[in-house]
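Below is one structure, written out as structure tokens, with a few remarks after it.
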Amino acid sequence: MTVTRALLPERAGLLARALGELHRGGVVGVTLGVLAAVVTGRATWSAPVVGAVVLVAFVSGPLAVVDARTRRLPDTITLPSIALTAILVVVPSLVAGQQAAAVRALVGAAAAAGLHLVLWYVGAGIGLGDVKLVALLGLPLAWYGWSTLLGGLFVGYLLGGLWAVGLVVTRRAGMRATIPFGPFLVAGWFVATLST
């Protein structure tokens with residue numbers, strides 16, 4: 001038994017499972033990171049936000065896998081990723097003289113996360129992990145513009161809704177069933193990033 005497990009058995013077990021899932025989902029993260037770097041290179045290599053895009057692609061793939069398998073988005077991954085992404089969005093933007101884009105990224109991510117926090121609070125089926133994931137994904141999306149942020153969220157909701165309808169129609173889930181939403185948010189982010 002490790003010291004961590006002895007001190008915090010319930011949290012250590014969840015963290016161990018999440019890290020195991022991240023390790024297994026690493027191929028997805030590497031693939032998304034490389035795809036984001038190569039495919040969106042036309043838009044992002046010259047933009048100050050390229051580091052943030054690659055980081056988000058790198059962590060969002062494994063997070064989507066973890067959420068799909070465990071219905072959890074671990075704070076040990078999302079919170080540091082939000083902080084690092086904010087730094088990778090703001091600092092290069094300020095250096096490049098794109099203060100308005102940096103402010104828009106912060107305000108857009110905060111507004112999107114705030115809206116999702118309200119949805120979580122009223123019990124609309126959004127998990128608190130999804131709120132944090134929206135903040136992470138929203139930083140680079142909002143940097144590109146409000147329409148990119150809204151488009152990414154729209155695609156995520158559309159894909160999640162279609163998946164849920166498919167589950168209900170095929171009788172694999174009932175009307176009150178919940179689905180992990182993270183993979184759909186990540187897919188929306190990826191589609192919006194590709195369209196920049």
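Cβ atoms are placed via backbone N, Cα and C, with glycine included.
TrEMBL annotations: computationally assigned, not manually curated.
Note that this is a predicted model, so its numbers are computed, not measured.
The transmembrane segment annotation in TrEMBL covers 21-39, 45-65, 77-95, 101-122, 152-170, 177-195. Per TrEMBL, domain 'Prepilin type IV endopeptidase peptidase' is recorded for 62-165.
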When pLDDT is averaged across the domain 'Prepilin type IV endopeptidase peptidase' (62-165), the result is 95
For the transmembrane segment (77-95), the distant same-chain contacts (Cβ-Cβ under 8 Å, at least six residues beyond its ends) come to 18, 22, 48-49, 51-52, 55-56, 59, 62-63, 66, 101-102, 105-106, 109, 129, 132-133, 135-136, 139-140, 143
Beyond a gap of at least 6 residues from its ends, the CB atoms lying under 8 Å from the transmembrane segment (101-122) belong to 48-49, 86, 89-90, 93-94, 128, 130-132, 134-136, 138-143, 145-146, 149, 153
Helix, strand and coil residue totals from DSSP for the domain 'Prepilin type IV endopeptidase peptidase' (62-165) stand at 90 helix, 0 strand, 14 coil
If one takes Cβ-Cβ under 8 Å and requires six or more residues beyond its ends, the residues near the transmembrane segment (177-195) are 32, 36, 39-40, 44, 53, 56-57, 60-61, 63-68, 71, 73, 125-127, 129-130, 133-134, 137, 140-141, 144, 148-149, 151-160, 163-164, 167-168
